[in-house]
Amino acid sequence: MSDSTLTETVGSDTVEQAREQAAAADRVIVKAGTNSLTDDDSRLDRVKLDKLVSDIMDLRSRGKEVLLVSSGAVGAGKGMLNSAEIETGTLEESQALSTVGQSHLMRHYTQSFDRYDQTVAQILLTEHDLTNPERFTNVRNTIETLFDWGIVPIINENDAIATEEIQIGDNDMLSASVAIGMDVDLLVTLTDVDGVYTGNPKHDPDAELIEAVEANYDAVQSLVDESTTAEFGGIRTKVEGARDASEHGMPAIIAGSQEPDVLERIATGKSAGTIFVPINGATDD
Ligand code: GLU
């Protein structure tokens, strides 16, 4: 498959319109992965976290409601405990690490948002909470109330109790499910790669950014399916989550967490990462 099949198939008007729709969003979910929050030793990186918080506050200052889906609990837990002295390989050990890291993560978020007098709230979810309608209604009502109060909810999976049968799996799917269930207007997935590329930009200098995904979705899907997770830094679930959201009529953007003013760029209709064009009632078949 030639790279142009992937990179040049979405018309510029369509891309422009999707960016305008993203900029106009009143309710936004921002998802940040572990790599966007921790350093090479898995320690929480306060500079990265503060940048994310100031990017989110840019959206808040524009009057938008923002919900943050944040990973980093297991990573922060690893960073806090001396992993030379403690075993961290089993599922139970990862779950225990998440409980150490989650409160540490929230402490940093609370301090960082305090710089702007912005109150935050923590919500930990499992698969049951997304699939059981009564439980999801409760989640939804809580989030609506927090939005009414001007609070930024911060969601993570409840790793301590999420074993296989009740595990969401990853926060890419969690953020897409919450975006769809909460009728948000925009899903932004922030990652250490600046969007979806035709190869891994960390290793392949010829890798090109795919600016927009619409009719080229199948080509993009096969590209990421063919690539191993390690090679693409977990991009597959991000692509699937963004696609799910765009199929529910909202634009979804995968962009670099380290890109300067990344959320402001999105809020002002500028290019950032890869945009998944919303599919408004149209079917693919
Ligand atoms: N819930 C996990 C954590 O906080 C992360 C899962 C994910 O990155 O998708 O460490």
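Just so it is clear, glycine is given a Cβ too, placed from its N, Cα and C backbone atoms.
Taken from TrEMBL as is:
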type: BINDING; residues: Lys31, Thr191, Asp192; note: ATP binding site
type: BINDING; residues: Ser71, Asp159, Asn171; note: substrate binding site
type: DOMAIN; residues: 27-255; note: domain 'Aspartate/glutamate/uridylate kinase'
Query raised in the report: Among Lys31, Ser71, Asp159, Asn171, Thr191, Asp192, which binding-site residues lie by ligand 1, judged by Cβ under 6 Å to any atom?
Result: Ser71, Asp159, Asn171
**Report entry** Under 8 Å by Cβ from Lys31 (ATP binding site), counting only residues of that chain that are 6 or more apart
**Finding:** Leu68, Val69, Ser70, Asn171, Asp172, Ser175, Leu187, Val188, Thr189, Leu190, Gly241
Query raised in the report: Of these binding-site residues, Asp159, Asp192, which scores lowest on Cβ atoms within 10 Å?
Result: Asp192
Report summary line: Looking only at the domain 'Aspartate/glutamate/uridylate kinase' (27-255), mean pLDDT returns 90
Query raised in the report: Which state, by DSSP, holds Asn171 (substrate binding site): helix, strand or coil?
Result: helix
Report summary line: Surrounding the recorded ATP site, with Cβ no more than 8 Å from the Cβ centroid of Lys31, Thr191, Asp192 and those residues left out, we find Ala32, Gly33, Asn35, Ser36, Thr189, Leu190, Val193, Lys238, Ile254, Gly256, Ser257
Query - Cα distance (Å, whole number) from Ser71 (substrate binding site) to Asp192 (ATP binding site) - result: 13
Query raised in the report: Near Ser71 (substrate binding site), which residues of its own chain have a C-beta under 8 A away, given they sit six or more steps off in sequence?
Result: Ala32, Gly33, Thr34, Leu37, Asn156, Asn171
Requested in this report: List the other residues in this chain whose Cβ sits within 8 Å of the Cβ centroid of the substrate site residues Ser71, Asp159, Asn171, in sequence order.
Outcome: Thr34, Ser70, Gly72, Ala73, Val74, Ser98, Asn156, Glu157, Asp170, Leu174
Report summary line: Around the Cβ of Asn171 (substrate binding site), other Cβ atoms found within 10 Å total 25
Query raised in the report: What number of additional C-beta atoms lies within 10 angstroms of the C-beta atom of Thr191 (ATP binding site)?
Result: 23
